[in-house]
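Features as listed in TrEMBL:
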DOMAIN    38-429  domain 'Amino acid transporter transmembrane'
TRANSMEM  40-61  transmembrane segment
TRANSMEM  67-90  transmembrane segment
TRANSMEM  119-138  transmembrane segment
TRANSMEM  158-177  transmembrane segment
TRANSMEM  184-203  transmembrane segment
TRANSMEM  223-243  transmembrane segment
TRANSMEM  264-286  transmembrane segment
TRANSMEM  306-331  transmembrane segment
TRANSMEM  351-371  transmembrane segment
TRANSMEM  377-398  transmembrane segment
TRANSMEM  410-433  transmembrane segment
Amino acid sequence: MENRRNDGVSTPPPPTKVYSDEQLAIEIPETAHQISSDSWFQVGFVLTTGINSAYVLGYSAAVMVPLGWVGGVVGLILATAISLYANALIAKLHEFGGKRHIRYRDLAGFIYGRKAYSLTWVLQYVNLFMINVGYVILAGQALKAVYVLFNDDNTMKLPYFIAITGFVCALFAICVPHLSALRIWLGFSTFFSLVYIVIAFALSLRDGIRAPPRDYGIPGTDISRVFTTIGASASLVFAFNTGMLPEIQATVRQPVVRNMMKSLYFQFTVGVLPLYAVAFMGYWAYGNESSSYLLNSVSGPVWVKTFANISAFLQTVIALHIFASPMYEYLDTKYGIKGSALAIKNLSFRVMVRGGYLAITTLLAAALPFIGDFMALTGAISTFPLTFILANHMYLVAKRNKLTSLQKSWHWLNVVFFGIMSAAAAVAAFRLIAVDSKNYSIFADV
């Protein structure tokens, strides 16, 4: 039907709208990687891969031993709940202000300004770099565990296996151009995770049934217990948070907020169960003697332990790629790496840049192979600020006109509390690293 203006001249009808005005207004920033291509279920598996990586084999020692049964169980449940809440705040801001914020620093910069953009960039990449250092250490421990099963002559040291790990991770990074290209590898990752989780759980259960009563007392002096408890709190938040939620959310299909919430609910319900199972069973079976790499504690058939350790190694290679992808995306976008992944220019760029990044990561991992310390330090200096302090304050600033006074007070309480926890946990983590550095030399075989 035509519309008529006051002067009698007819005007054509407005075009039919397929999308709402709000959807049409969403601006998508430039990126060399794919966005809006994955289902919420695939994104849920990406998140679940992160929390059920081989890091779960260390939570009996890093979380349960310093906190004990009551503190450990309550701490893990609380950390799950507050992590879901904090991640939901970030997810709801993904399209804030009519723009998709596909990077954490983009969101912070949009809300606060350029300085916050740069600070968030530094915090996030320190966070992801340290997570990847931990992954290289874990994968090196898994390879060493396989070697020791067949040849315990102490000829091959942990740094050698860490170097092998770095090489394999570099090959994988060169072959898989971006996060969405993982697809089939996420299926392999889930399979590998189930292998080492089921084997670790079953062998720990068998050892626990056969073993004499264990000591579940929190070890150390009163002063050391204070520091290890604070450090364990940082490991708790480290366990459930990626520090790269906007980058992962960038890959999910529209509607991005609703689908991302589905992914988060999947992660923090079904996805956390394997983590709980391994952490609790490992502590029950070995008490305060639990190893920082649980498969070093279990006894059982050599072939079963070999299968578990190889699965842990391979899953870690895949998980590292997820946490390195924001760095890869930044570099690929900055230098205009687009088109076929097999183009000579693109391939050579990945060889040099990703290979160089992983060489530095591997060198630090071999020099300071203290996995528990890295979990605590990463949680203190980056996970607390990024996931809890920044998430609450960004939501407070972005939604300030829609929040009640009570809601504003709640978010400020979170900002202050987690700020104090971050500072305390950083002190505790640096103390742990200082103590371990005295006990071990650089490039230690631990």
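Backbone N, Cα and C define each Cβ position, glycine as well.
Counting Cβ pairs under 8 Å to the transmembrane segment (67-90), the top-ranked stretch among 40-61, 184-203, 223-243, 306-331 is 223-243. With a cut-off of 8 Å on Cβ pairs spaced 6 or more residues apart, the transmembrane segment (351-371) and the transmembrane segment (158-177) reach 3 or more such pairs and are scored as touching. If you look at the transmembrane segment (40-61) against the transmembrane segment (223-243), you find at least three C-beta pairs under 8 angstroms, all six or more positions apart, and that counts as contact.
Packing against the transmembrane segment (158-177) from elsewhere in the chain are residues 33, 135-137, 139-141, 143-144, 147, 185, 313, 316-318, 320-321, 324, 328, 332, 341, 346-347, 350-351, 354-355, 358-359, 361-362, 365-366, 369, 443-446: each is 6 or more residues past its ends and has a CB under 8 Å from a CB in it. Beyond the transmembrane segment (410-433), the same-chain residues lying 6 or more positions past its ends with a Cβ under 8 Å from any Cβ of the stretch are 227-228, 230-231, 233-234, 368, 370, 372-373, 376-377, 379-381, 384-385, 388-389, 392-393, 395-396, 403. Here the transmembrane segment (223-243) has Cβ contacts under 8 Å with residues 47, 50-51, 55-56, 59, 62-63, 66-67, 71, 75-76, 78-80, 82-83, 86-87, 104, 124, 127-128, 131, 268, 272, 275, 322-323, 372, 375-380, 382-384, 386-388, 421, 424-425, 427-429, 431-432 of the same chain, all six or more residues outside its ends. Note: the stretches the transmembrane segment (184-203) and the transmembrane segment (119-138) are not in contact (fewer than 3 CB pairs below 8 A, sequence gap of 6 or more). Using a Cβ-Cβ cut-off under 8 Å and counting only residues 6 or more beyond its ends in the same chain, the transmembrane segment (119-138) has close neighbours at 53-55, 57-58, 104-105, 107-109, 162, 165-166, 169, 243-244, 293, 312, 316, 319-320, 323-324, 326-327, 358, 361-362, 364-365, 369-371, 374-375, 377-378, 381-383, 385-386, 390. Within the chain carrying the transmembrane segment (306-331), a Cβ under 8 angstroms from the stretch's Cβ atoms is held by residues 31-33, 46, 49-50, 53-54, 57, 103-104, 124-125, 128-129, 131-132, 135-136, 138-139, 142-143, 145-146, 149, 165, 168-169, 172-173, 176, 178-179, 182, 185-186, 188-189, 191-193, 195-196, 199-200, 242, 244, 247, 295, 337, 350, 353-354, 357-358, all 6 or more beyond its ends.
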